[in-house]
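K.L.:
Have a look at this one.
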Amino acid sequence: MPKFVLVMLTRVLGTAGPKKAAKAAAATTGKSARYYPADDVSRPKHSRAKKHNPPKIRPSFTPGTVCILLAGRFRGKRVVCLKALESGLLLVTGPYKINGVPLRRVNQAYVIGTSTKIDVSGVDVSNIDDAYFARTASASSEGEEEFFANDAAKPAVVSDTRKADQKKVDASILKVVESTPLMKNYLGSKFSLTKYDRPHSMIF
């Protein structure tokens with residue numbers, strides 16, 4: 001076929017030339033870190049909470065209210081509420097001389113406030129706050145061998161300051177308790193439920 005005929009057919013019909021193979025996109029790989037720590041070090045996560053918002057104290061918990069503990073080693077015992085701390089916890093005491101409950105903080109979610117009240121206006125607990133119950137770090141940290149060698153649990157040591165504060169608070173409360181008939185026996189007895197008791201119908 002003459003050359004000019006091929007040229008005319010190409011112009012009229014249009015023939016595509018040979019397609020070029022598309023270049024494969026080069027795989028983009030990020031640069032690997034030059035340094036990687038041998039041990040995974042945990043980093044503290046930043047909390048969005050700027051400050052601690054303590055819960056509101058229920059109106060039934062006022063200084064002098066006799067409360068019932070519902071949890072912990074002293075569950076079922078009656079204690080005297082002294083005040084509410086900044087953390088939202090309640091400062092209570094047995095007194096220790098009557099039922100063995102020392103000065104301690106309790107969560108109001110595990111406490112029942114009763115209608116019984118005593119006068120605690122003469123009890124000074126201004127020096128007792130949340131920092132008062134902070135644990136002190138041990139002077140010497142034990143190594144791994146010493147930790148496993150000491151199988152027996154070390155007894156908790158109560159400081160002389162706490163003992164003095166406990167005696168001072170108990171002395172002030174005992175004066176009021178002894179002047180109220182049957183109050184000492186009431187604080188010394190434990191709260192319990194029998195088979196047919198209905199807690200939701202009780203008035204404390």
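In case you wondered, yes, glycine gets a Cβ from its N, Cα and C as well.
Not my notes, these are from TrEMBL:
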- 36-56: region 'Disordered' (REGION)
- 44-55: compositional bias 'Basic residues' (COMPBIAS)
K.L.:
Quickly jot the same-chain residues contacting the region 'Disordered' (36-56) by Cβ under 8 Å, restricted to those at least six beyond its ends, or write none.
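P.N.:
For the region 'Disordered' (36-56), the sequence-distant neighbours (Cβ-Cβ under 8 Å, at least 6 residues beyond its ends) are 86-88, 108.
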K.L.:
For a three-state summary based on DSSP, what are the helix, strand and coil counts in the region 'Disordered' (36-56)?
P.N.:
0 helix, 0 strand, 21 coil
